[in-house]
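Swiss-Prot annotations:
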BINDING   Asp92, Asp96  Mg(2+) 1 binding site
MOTIF     276-284  motif 'NSE motif'
REGION    326-713  region 'Geranylgeranyl diphosphate synthase'
COMPBIAS  341-356  compositional bias 'Low complexity'
BINDING   Asp473, Asp477  Mg(2+) 3 binding site
Amino acid sequence: MEYKFSTVVDPGTYETHGLCEGYEVRYHKNAELEDIGCLRCQEHWRQSVGPLGAFKGTLGNPFNLLSLVIPECLPDRLSIVGFANELAFIHDDVTDIVQYGDAHNNDFKEAFNSMATTGSMENAASGKRALQAYIAREMVRIDKERAIPTIKAWAKFVDYGGRQETTRFTSEKEYTEYRIQDIGLWFWYGLLSFAMALDVPEHEREMCHEVCRTAYVQIMLVHDLASWEKEKLNAAALGKDVITNIIFVLMEEHGISEEEAKERCRETAKTLAADYLKIVEEYKARDDISLDSRKYIESWLYTISGNTVWSFICPRYNSSGSFSDHQLELMKNGVPKDPASGSTNGTSNGTSNGTSHVAVNGNGHVTNDDLSANGIKTDGELLSAITMEHLKNRNSFKLGDHDQEVKSLHGHGQALDPRVLQAPYEYITALPSKGLREQAIDALNVWFRVPTAKLEIIKSITTILHNASLMLDDVEDGSELRRGKPATHNIFGLGQTINSANYQLVRALQELQKLGDARSLLVFTEELHNLYVGQSMDLYWTSNLVCPSMHEYFQMIEHKTGGLFRLFGRLMAVHSTNPVQVDLTDFTNHLGRYFQTRDDYQNLVSAEYTKQKGFCEDFEEGKFSLPMIHLMQTMPDNLVLRNVWTQRRVNGTATHGQKQTILNLMKEAGTLKFTQDSLGVLYSDVEKSVAELESKFGIENFQLRLIMELLKTG
């Protein structure tokens, strides 16, 4: 394995207690980045969740854990990997408390699963989930391809880890099997592969896990040896008669003393370390497995040696452990600004420097963890401080009395079954969707704090209008496919589809009435008006072969695509419980511009888009997208272009050959490069808007930034 980012540590500066003889110890050249990541995580937790008490994580003097166990972590990843590892240790401490363990585990698992499958999470404003969203956003920003598999691996770890803290294990074998999972087999795989940018082939992962079992167990034994005294004290403080530690298990299983159990543990750890050295030499010589699998297996040598060195000097397990001067300085004055966000710790809190102050004594020991001095409140305090402001004069808004269930019409016969009316809508709703708008609503609620019941109504209104607009768009554009399936009108016919789509406006209005105020109705009618005006211009240009200017095109987008974004943003502002009032118009307009232009671009270059909607569908529909406007302006006298476009209008569609001809002209004219460059500018506009909103609200929105990273092209 090649070493770029670490140096060999002088054996005279550490002690392994004979637990890993023959092992080299390496340390990362940029360990201060781990300092920043770990302390940033602690500050996030204190600000978003609550006090950490006497928590001591992965930092130490002279060595941090991560810089020892993954010495070849890519430098640009060390800070966020340190953040994630620190959160895992906090998670471990919380799940040790039986009262909260399962609920905490379930919440973490649900959030990681949601991020891995949809790229978002509900309730992103909640403390713990804000931290997870920050991790995901940063990892996706750095390496999107490896971030998602890593998050999936973490979900598996959380699902298993910490769920048997009260189990009285009856044998060493039973305990070992549990700990192989709990020590973080899946978590460590995800962390290490992301940190070192490894791509272990899927068919080799189980092999790697099996080969590394020896290393897993050795690390578990060393951990239990080093943490035994701490865990004894914790168990006594919590009134537990069970200690989840190999020493306790050996004492009970074999009826031996504490010292005898420790000695047996030491001897087994020594043997396993020697065995793993031989395993690595064997696999390094194999050429029938991938290079990254071999690197993964070899990297565990440093996990073993680093874990051994750190475990016996760290403040987490040793009362004599201390922190470095650099760490103490950061604890006192706060971590540097997050380069990705411009905030001190990623969470603006209204203080002068955004830091959490921790008192330390002269020898480098933390002496006080009281964080109230910086004005930060726990979740409970925040909730009690928020006053729910309700709109006055609600009686001025009443659409009608819907309390009575309609059983019949004018007393003659039963009411007609609405299933036929709803069938087209239910069809399109059932098609696969990324749920971007629902994700955006959850993200914006980090700022607005709309009560859950009203937030669900706003989501419902948004979903109804969005799907209804898709049904009408497909009819008006003559689309064949929607999300890879036949468009709704190709299943139910034009009349049924149009009727069902129009009815959804009634349903949306019924949902709106549940909000119970006049301002919401005003927002609803204004933005619905804008949406239809925008769509009318799009249809007019297509039908009459009128090529708009780029300015006119973006005006149309702000009405049509931006209208729905503005609708839910304005509704959330109306029902916000946050006393800070901020106008989202610039943000939603910029988001609409970027989203539509991205869609225009994907229509031309994305294989997935072709699968979902067809090859260059915009050409077939005759749409004047941003790329088409650029092409028309660049080649105004090109007769091939003009005739192909006219023939599309005459025939009502375009052949594959005609579409390929237009695409070739776009490549010749530099249209694709122009569109890609435009996306970069539009994305910067959205990022600037997000930063301005974060400044006005005083809270960084990790969930919104994660969505933006996932939408980023190129």
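Yeah, the Cβs are placed from backbone N, Cα and C, and that goes for glycine too.
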Could you give the residue numbers and ranges of same-chain residues that sit at least 6 residues beyond the motif 'NSE motif' (276-284) on either side and whose C-beta is under 8 angstroms from one of its C-beta atoms? 22-23, 211, 214-215, 218, 294, 297-298, 300-301, 304
Whole-number answer please: how many Å between the C-alpha atoms of Asp477 (Mg(2+) 3 binding site) and Asp92 (Mg(2+) 1 binding site)? 54
Around the C-beta of Asp477 (Mg(2+) 3 binding site), how many further C-beta atoms are within 10 angstroms, looking at every protein chain? 18
Give me the count of other Cβ atoms within 10 A of the Cβ belonging to Asp92 (Mg(2+) 1 binding site). 16
Local confidence of the motif 'NSE motif' (276-284) - pLDDT mean: 96
Cα of Asp92 (Mg(2+) 1 binding site) to Cα of Asp473 (Mg(2+) 3 binding site): how many Å, rounded? 50
Per DSSP, what is the helix/strand/coil residue tally across the motif 'NSE motif' (276-284)? 9 helix, 0 strand, 0 coil
May I ask which residues of the same chain, at least 6 positions away in sequence, place their Cβ under 8 angstroms from the Cβ of Asp473 (Mg(2+) 3 binding site)? Ser479, Gln535
